[in-house]
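Q: So Swiss-Prot has the following annotated:
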ACT_SITE  His322  active site, proton donor
BINDING   His136, His138, Lys219, Asp362  Ni(2+) 1 binding site
BINDING   Lys219, His248, His274  Ni(2+) 2 binding site
BINDING   His221  substrate binding site
MOD_RES   Lys219  N6-carboxylysine
Amino acid sequence: MPATISRAAYADMYGPTTGDKVRLADTDLIIEVERDLTTYGEEVKFGGGKVIRDGMGQSQATRAEGAVDTVITNALIVDHTGIYKADVGLRDGVIAAIGKAGNPDTQTGVDIIIGPGTEAIAGEGRILTAGGFDSHIHFICPQQIEDALHSGITTMIGGGTGPAHGSLATTCTPGAFHIGRMLQSLDAFPMNFGLAGKGNASRPGALVEMIEAGACAMKLHEDWGTTPGAIDCCLSVADDMDVQVMIHTDTLNESGFVENTIAAMKGRTIHAFHTEGAGGGHAPDIMKVVGFEHVLPSSTNPTMPYTVNTLEEHLDMLMVCHHLDKAIPEDVAFAESRIRKETIAAEDILHDMGAFSIIASDSQAMGRVGEVIIRTWQTADKMKKQRGRLAEETGDNDNFRVRRYIAKYTINPAIAHGISAHIGSIEVGKRADLCLWNPAFFGVKPEMILMGGTIVCAQMGDPNASIPTPQPVYTRPMFGAYGRSVENSAVLFVSQAGQAAGIGASLGLAKQTLAVKTCRDIGKSSMVHNSATPEVEVHPETYEVRADGELLTCEPATELPLAQRYFMF
């Protein structure tokens, strides 16, 4: 006889199902389960007296007969593709199937075969997301990687060689020698990486050399001279070799204004960093580029969201990052020209409209590497409080807004950098770089992080305790973060030219190298849930921002979610 239980009892046992709602941490964001791919009465769950036992939910199938390596049961998936419940099967480090797990000998409709060789991760009452992708990294110190990983980031792309002054200010790994040494170093960490070469040159030879050495992107930075000639040259090389170009434009307008930079792009695809301008770029109107189809605009996280403290912290931050001197009036004027409350306020709104497509950190160079995910959801919450329900919502929930914001640090940077075939979403065939979250800690502290299907860190209690839960519980590295597992769980993203040249073998790299592809034949319309192209105008004296004629302004937040109550110890 079928049994009937209350929704509350069902959610406690198997997690929320279709129509149930979940609050994300202490925000005002409410998601609703859109569909449930498991089968009522045939759910699989691990534990004493539960379903995944021999002859019940566990079959006799060998791995060769199709059993998965790992099953994540009854997880609530939050992804740009939707918000739904499913079992997820992992095999060979990738997502093998999404649907209903179990034993096909005793159950119908089984998509994921559980066998004696299958490990189980309990996803009941948990949220599963794709690992985050931070596409604006200054590789200043290796300790960044641990902080990023523990926040839910599983892929980092950027440039640098350590605390050299070029790297402190610019996101570039210049030259084949440094690219090689950095790739060799990055073999050691449980994280996917890619390196950006220096793109500032008026002739192509050195740029080609860096891409052939493995650089998967090129970075144009004003501190190296982002002139129209350098922009044109770099984009020409990128078009020929299929890598992305990231740009930090000319704050001082020395070599031209924003219109000259746009003209130099000639309609070619480019990833515009910190497009609001506080992180650098044509003052005061770099934000105009948001309205162009060929520009993929991103934000760095210190201005996100706009709060009562944002302006005050930025001047000192900028002076340090760009090697400026408070005793030199011109340096002070340079710094002050970049910090504008009007454009910072408008940035929040443009994100909520889907006109800004990506959020990244700018790690240790006017950005916080461990706060990409936190600040994304703080911004989403602030915008819901200030702007209300999005017009695109179809139910009594915030599902569309949540899908828009999660795309900003998952699928959209992956598309921009030619690696969306491998990462950026929970889809069959993609790498199993995944984050499992307790909803009460969503966006703040992941419960478990997998790289290539292997657990690399998790919330863990006292190792000497009799059970795993006694305090102090905090994020600790797991077995996947040690030994040979590291090199087999994570990958290095390189150029197609570098891959063809066999740089993995020539540099003695242990990690698999994967080539970036389709970086050039994309545009703003490729940015999932974030493809709006309003005509943006910035008043040259008041700095007021208008989008399609509408004034964009909002109040600074005085209090944020995902903040102090989560970091008392």
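Any Cβ shown, glycine's included, is placed from N, Cα and C.
Give me the lay of the land around each of these features.
A: Long-range neighbours of His322 (active site, proton donor) (same chain, six or more residues apart, CB within less than 8 Å of its CB): Ala169, Asp223, Gly280, Phe334, Ala335.
Contacts of Asp362 (Ni(2+) 1 binding site) defined by a Cβ separation under 8 A and a same-chain sequence distance of 6+ are given as His136, His138, Thr171, Phe273, His274, Gly279, Thr300, Asn301, Pro302, in order along the sequence.
Following the DSSP three-state reduction, the secondary structure of His274 (Ni(2+) 2 binding site) is coil. Other Cβ atoms within 10 Å of the Cβ of His274 (Ni(2+) 2 binding site) number 26 in total over all chains.
Mapped onto three states, the DSSP output places His221 (substrate binding site) in strand.
Residue density at Lys219 (Ni(2+) 1 binding site): 30 other Cβ atoms are found within 10 A of its Cβ, drawing on all protein chains shown.
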Q: Give the sequence-ordered set of same-chain residues, not counting His136, His138, Lys219, Asp362, with Cβ within 8 Å of the centre of the Cβ atoms defining the Ni(2+) 1 site.
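A: Output for this site, in sequence order: Ile137, Gly158, Gly159, Thr170, Thr171, Met246, His248, Phe273, Thr300, Ala360, Ser361, Ser363, Ala365, Gly367.
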Q: Using all protein chains shown, find which of the binding-site residues His136, His138, His221, His248 scores highest when you count other CB atoms within 10 A of its CB.
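A: Of the binding-site residues His136, His138, His221, His248, the highest Cβ count within 10 Å belongs to His136.
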Q: What Cα-Cα separation, expressed in whole Å, is found between Lys219 (Ni(2+) 1 binding site) and His248 (Ni(2+) 2 binding site)?
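A: It is 8 Å, counting Cα to Cα.
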Q: If I take the alpha carbons of His221 (substrate binding site) and His248 (Ni(2+) 2 binding site), what is the distance between them in whole Å?
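A: His221 (substrate binding site) to His248 (Ni(2+) 2 binding site), Cα-Cα distance: 5 Å.
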Q: For the recorded Ni(2+) 2 site formed by Lys219, His248, His274, which further same-chain residues have Cβ atoms within 8 Å of the site's Cβ center?
A: His136, Thr170, Thr171, Leu220, His221, Glu222, Met246, Ile247, Thr249, Ala272, Phe273, Gly279, Gly280, Gly281, Asp362
